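Engineer: One structure is given below, represented as structure tokens, and several questions about it will come after.
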């Protein structure tokens, strides 16, 4: 049975909703150029919400079959590259928190490796983990502004993340990975609340909030590797 005009319009509206993320990316970039960093992160947060909603909407409305002339996958990758990689790469480069000579090199490294990662057909494992550091440069930028490390430490930390893009370790997908989902989902929710608190206070948060944010971030990035290491030691 063919889709009704209303169903087709609803399916197309999901693509428009996804594309709205590109407009949000532009607004984030404008704030970054003005060095309104907190406002930039608010807009990147809006983009993150759009990215979290459009997929379930597309599956619910069966967009891939109702609107086959439009590729939701390509659209999603285009928008995600701008919000997860390109705008954060500019913010990191222009932040003044890195070694001056190294900052543009780091920025170019983020943009290039991010583009390669988004084109990597192996970016997701069979159990829905990300393979390598998953181009979450919006999150990396947030932690840079939160922790405000010395230029040397900040530069080294980001260089390590760039290298980890091509290292075949697994990073948790906050929603799709089934193992420890009972723990992951509450931690991600807490992380979101703490991020809102940090942005609302222009990153002027206490050590407890900072420690919790770092611990949750470490759990997302490193818990699978830790579990695999423990299993190998027991074997």
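The backbone N, Cα and C atoms fix where each Cβ goes, glycine too.
All TrEMBL annotations are machine predictions without curation.
Per TrEMBL, the features are:
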- 12-30: transmembrane segment (TRANSMEM)
- 36-53: transmembrane segment (TRANSMEM)
- 98-118: transmembrane segment (TRANSMEM)
- 130-146: transmembrane segment (TRANSMEM)
- 152-173: transmembrane segment (TRANSMEM)
- 180-199: transmembrane segment (TRANSMEM)
- 205-222: transmembrane segment (TRANSMEM)
Engineer: Using Cβ atoms only, state whether the transmembrane segment (205-222) and the transmembrane segment (152-173) have three or more pairs under 8 Å that are 6 or more apart in sequence.
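Structural biologist: Yes, the transmembrane segment (205-222) contacts the transmembrane segment (152-173).
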Engineer: Same chain, outside the transmembrane segment (36-53) by at least 6, Cβ under 8 Å from its Cβ: which residues?
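Structural biologist: For the transmembrane segment (36-53), the far contacts come to 17-18, 20-21, 24-25, 27-29, 76, 79-80, 83, 87-88, 91, 95, 138, 141-142, 145, 175, 195-196, 199, 202-203.
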Engineer: Please indicate, using numbers and ranges, the residues of the same chain that are 6 or more beyond the transmembrane segment (152-173) and have a C-beta under 8 Å from a C-beta there.
Structural biologist: 92, 97-99, 102-103, 106, 109-110, 113-114, 116-117, 124-125, 128-135, 140, 144, 184, 219-221, 223-225, 228
Engineer: Which residues of the chain, 6 or more past the ends of the transmembrane segment (98-118), have a CB below 8 A from one of its CBs?
Structural biologist: 77, 80-81, 84-86, 88-90, 92, 132-135, 137, 151-152, 154-155, 158-159, 162, 165-166
